[in-house]
């Protein structure tokens, strides 16, 4: 998917999973005047519905190019999202959840960084937010800040003074605030899929942590959730 590019426009690479948060981030970057290049990953996750959702969102929000990178993270295992022998939990537990994928955001941001350097983009957007902090170590502000420092040490562009910024505009927002922001920016949340185990038609289980957080966010925002359930 490639749209017409205004060559004078600043460029951004945006991690797009196909879920609520990343779709909102694409809309935010677009509203800030960026030419948006989105990157998704087929990494061996349980549900491929999110990849179809990412393509729909990219098309609807008019990104310049949408790229899907294939990775075999399920070959390593270690997560309920990539290993079907590990059950998706239906209750919140203590500590880091089994839905944590080892080093996932580090890997994803590294590949986004490579594409950004090729494109001459200086901004990389990711949809991590306050809801994720307690459970996922690679969603914390300290991680984002550290990755940005690394990006500017480890790249030709960074060494030559054309530094990168890792932008996490949802970092201090609740799920309700994210939904409200997206609605104002015209995000069609009916195109998105948040469920960890959505079926091939994108219908959600309504039981996993991601489904519950999404439903609670829409309810708190006072906005109808367009999620379909199986």
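Backbone N, Cα and C atoms are what each Cβ position is placed from, and that goes for glycine too.
Feature annotation from Swiss-Prot assigns ATP binding site to 16, 17, 18, 19, 20, 21, 22, 23, 24, 25, 26; the stated evidence is sequence analysis. According to Swiss-Prot, the Zn(2+) binding site annotation covers 195, 205, 208, 211.
Nearest by CA distance to residue 205 (Zn(2+) binding site), out of the binding-site residues 18, 24, 26, is 18. DSSP assigns residue 205 (Zn(2+) binding site) to coil in the three-state reduction, outside any helix or strand. Rounded to a whole number, the distance between the Cα atoms of residue 195 (Zn(2+) binding site) and residue 20 (ATP binding site) is 10 Å. Separation of the C-alpha atoms of residue 22 (ATP binding site) and residue 208 (Zn(2+) binding site): 19 Å, rounded to the nearest whole number. Neighbouring residues of the recorded Zn(2+) site, listed in sequence order and excluding 195, 205, 208, 211, comprise 88, 194, 196, 197, 198, 204, 206, 207, 209, 210, 212 (Cβ within 8 Å of the Cβ centroid).
The binding-site residues recorded for this entry are 16, 18, 24, 26, and the Cα of 18 lies nearest to that of residue 195 (Zn(2+) binding site).
Cβ atoms within 8 Å of the centroid of the Cβ atoms of 16, 17, 18, 19, 20, 21, 22, 23, 24, 25, 26 (the ATP site) belong to the same-chain residues 54, 57, 127, 192, site residues excluded.
Highest Cβ count within 10 Å among the binding-site residues 195, 208: 195.
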